[in-house]
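Notes follow the structure.
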């Protein structure tokens, strides 16, 4: 624990910014509620086309419904807005001040419940509304009791359903930030709320162009384009009913808005311009049919269309995301996937930090060298004293009266023994009675001390090597973190197309998940019922996916994965690689040996790559075979685990180095990795001889001068990169094949000449190379011979 460190206190630097953002959001919310309450309360219901005044129950219903927000400030603002709205329609609403008075009664009930902290039910608000209408009828309109009760009851009955619809819409608006899945009924309730706000604009016009009509047309167009014809028609009916009731011509409004909403939604896939043209043509046709075509109405439609076309696409995407259930579910799944990825990222990061800490602890040196040396000298001297001077009669004189002189003489004797000097200190020569025992004891102690130092050195070397391994593991975790950080793009459009194709082809499935991996390649995971080996995925599903993707797809190497719990089959379709590789290996053991010291492996690996590995163990026979096989197995496992080639080689070198110190055995590595999508090839050679690429008219030599595993503490990769195409052959060999003439090691001219005219079949070529090498060496195999020939084929 260190005291006196100046540590700054934790400060919330974002608090002021957060407060400013909240204040802005609150102000915007208050202004929205004020404007909405003014406009909603202005809406009137004209029961007959010839009526001049009508009912205005929407402001009262809005006050009853907005209490669900449970915010006194917002409720007071809404009450103020409703009062303003009612005051602006005194001449067009029946009863003049009656709506204002009833609104005040509702406000009084709410404030009373707020002060008393009592929750009031909907029925109590409706009773208060009824009483308010009764009071106004008695004292303002002077109605008789029967008429007054009848009219108050009618007004209250009208308020009740409207308040429920508005409350439903307000509740849905509160859910927009919560990834809530809206039903069609909830969307319609929100649409009614928006349509009431639009209808409240009234007959406001500029140069005889009504603002309400422009906004109404625009709303229907936007919803139809974003969510389709169903929602467009539903919104058209809603706004047609509300605006029609306000204007006294509901039938024409419903027919006009719903028809053009349906047409605009049907043509949404053609783009905004063409969908608007279809919308405009439908409007002209309906207007001509109903004898309601005017220049001003045409201008209103054109203006709304211009605004509709100019709205950015991201606005429509956000609206579609809220209204389209499939898109919303995909969005929620994507968010959940990101959260899971972030959680895995944090856990892997903690593992990396822990590994780094362990590595740093292991790398800490033993301590101050001078202190350790002095302490060691003192311990050796004490050990020598205990061995020789324990029963000596001069012990009291030497180690009490002459302590300093005796101690220095003992240390001098130990130093002489360590340096192999046959010299006995003069001070001890005069007084020591156990000279012979003292010299023998000093020599034995020094020998033991050297053995301990060698052991400590080995332990420290092992500790540093373990620290290096842990460092490599930390780097591997870093690579995993990098892969986790790469965004996997979920492809919703492909999923939609595949669903449609499956439904058309009567394909039964459970789940479909389409995405692009970190390399940008498309992958499709299908979950369906087990087909019990009938290859349903090959015969039925794969052709449909190929047709949808319009590029060749294939089933991943994992094939079908059966879940034993529910007997469901999961299969992944991926983009078909451009290239396919077929390999063949030929082996010939050294004469007199039953087992070969070489090991090899080839096959498809992760990430759409094809890997060929060849290792030559030191010497020949089963021991060399075990060494080389261990190297091949480790490389395979590390690459399958997703480790980079550099990390895999470094870790294997550390492991082999430990074994080299033990028995001085090493092994080579000849590794080539072919990218099956691009044809790029990476060669890594650790102590391996040259490889060859046989093309149509030439032979390319690939070589590197790196030493075998275990000879160096670390490996600096000398990676050779090239590419292959259709028909090329990659020839990987051990040194027993090439170095047939030990006096001319590294001379490959004979192999190049042989390959230029050799067979292009992998099996025949591998066997021919073994036979040719044996022939050139006089029919004798002086070393293990291994050849792996890989031929590249183009799939398309």
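Even glycines carry a Cβ here, placed using N, Cα and C.
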If you check TrEMBL, which stretch out of 49-67, 125-143 is marked transmembrane segment?
125-143
Hey, which bits of the same chain come close to the transmembrane segment (149-168), Cβ under 8 Å, at least six residues off its ends?
40, 45, 55, 57-58, 60-62, 64-66, 68, 122, 125-126, 129-130, 133-134, 137, 143, 185-186, 189, 192-193, 196
Residues of the parent chain within Cβ reach of the transmembrane segment (97-116), under 8 Å, 6 or more residues beyond its termini:
41, 56-57, 59-60, 63-64, 67, 72, 75-76, 79, 82-83, 86-87, 90, 124-125, 128-129, 131-133, 135-137, 140-141
Of the listed stretches 27-47, 75-91, 250-267, which one has the most C-beta pairs under 8 A with the transmembrane segment (180-202)?
27-47
Using Cβ atoms and a strict cutoff of less than 8 Å, what residues sit near the transmembrane segment (250-267) while being 6 or more residues removed from its termini?
216-217, 220-221, 223-225, 227-237, 239-241, 243-244, 274-276, 278-279, 282-283, 286-287, 290, 292
Non-local residues, at least 6 beyond the ends, that sit with Cβ under 8 Å of the transmembrane segment (273-289):
221, 224-225, 255-256, 259-260, 263-267, 297-298, 301-302, 305, 308-309
What residues elsewhere in the chain lie close to the transmembrane segment (214-243), defined as a C-beta under 8 angstroms and at least 6 residues from its ends?
43, 184, 187-188, 191-192, 194-196, 198-199, 201, 250, 253-266, 268, 272, 275-276, 279, 300-301, 303-305, 307-308, 311, 316-317, 319-320, 323-324
